[in-house]
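What follows is a set of notes on a single structure, which appears directly below.
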Amino acid sequence: EALFQEYQCYGSSSNTRVLNELNYDNAGTNLYNELEMNYYGKQENWYSLKKNSRSLGENDDGNNNNGDNGREGKDEDKRDGNNEDNEKLRKPKHKKLKQPADGNPDPNANPNVDPNANPNVDPNANPNVDPNANPNANPNANPNANPNANPNANPNANPNANPNANPNANPNANPNVDPNANPNANPNANPNANPNANPNANPNANPNANPNANPNANPNANPNANPNANPNANPNANPNANPNANPNANPNANPNANPNANPNANPNKNNQGNGQGHNMPNDPNRNVDENANGNNAVKNNNNEEPSDQHIEKYL
């Protein structure tokens, strides 16, 4: 304890004197080691030092009040003038240093320090470190890492991956696939299909159909119809009409007219004649000269002059 206090009071300036005195004692080396450790901030080891230093003054005589050479005045009475040579050869006893006035230890020392503590412990070590921590742990590990993380996880995995992703998903799936695509889509669908195609289109439609066809066309139309037909034709026309008929014919003509009638006949001539020279009604065998006057005779179909009786019959 005395050596400890001396070391604390005088610091490194008294190291030489203190160490010289410690060399006379077998315990000096051990005590020096602990004093040296205490000098660099390990004052909590004071109680340990006190225990180790108790034996240092047991062989001393007196209380060492004079502080000269560690021997009391009564030792002088034991020596006489004839013992000066012996005095020089005598091994000096350990010098007991002065105690502090109050005899109290360092008030800042830790009274709970472990006397068996490791003297080589790092003074800057984390006091809150887990004593059960893995000594082989990675010192560069992420302190914010998930303690419940999968230890078998892929270290090269994408850190931005979706944590809610399907763990059974195809690892060879297309990473550029549309995330909004229809999950029920046909996997055998044509990859070159028109993405703008009508989703309501007839799946049984003719794949060779005209893409420019009229979307408003009659679905019941004749598939064998003439593709060159007049698109402005009368849809109500007679399908049995003569295809060789005169396209310039009078649409208001009498459908019951004589097809053998004179096409050059006067259309303004009255059929109901009132004298000679007029055509007789209901006589298809008669041919009348429309330009003849009343005195002209009516000719028959053979261009013969009729008899008077024949004329009178029709008059």
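Cβ atoms here come from the backbone N, Cα and C positions, even for glycine.
Taken from Swiss-Prot as is:
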- 53-315: region 'Disordered' (REGION)
- 107-266: region '40 X 4 AA tandem repeats of P-N-[AV]-[ND]' (REGION)
- 159-162: repeat '14' (REPEAT)
- 163-166: repeat '15' (REPEAT)
- 255-258: repeat '38' (REPEAT)
### Summary
Per DSSP, the repeat '38' (255-258) contains 0 helix, 0 strand, 4 coil
### Task
Using DSSP, tally how many residues of the repeat '14' (159-162) sit in helix, strand and coil.
0 helix, 0 strand, 4 coil
### Query
In the same chain, which residue numbers or ranges, 6 or more beyond the ends of the repeat '14' (159-162), come under 8 angstroms Cβ to Cβ?
none
### Summary
Counted with DSSP (H/G/I as helix, E/B as strand, rest coil), the repeat '15' (163-166) has 0 helix, 0 strand, 4 coil
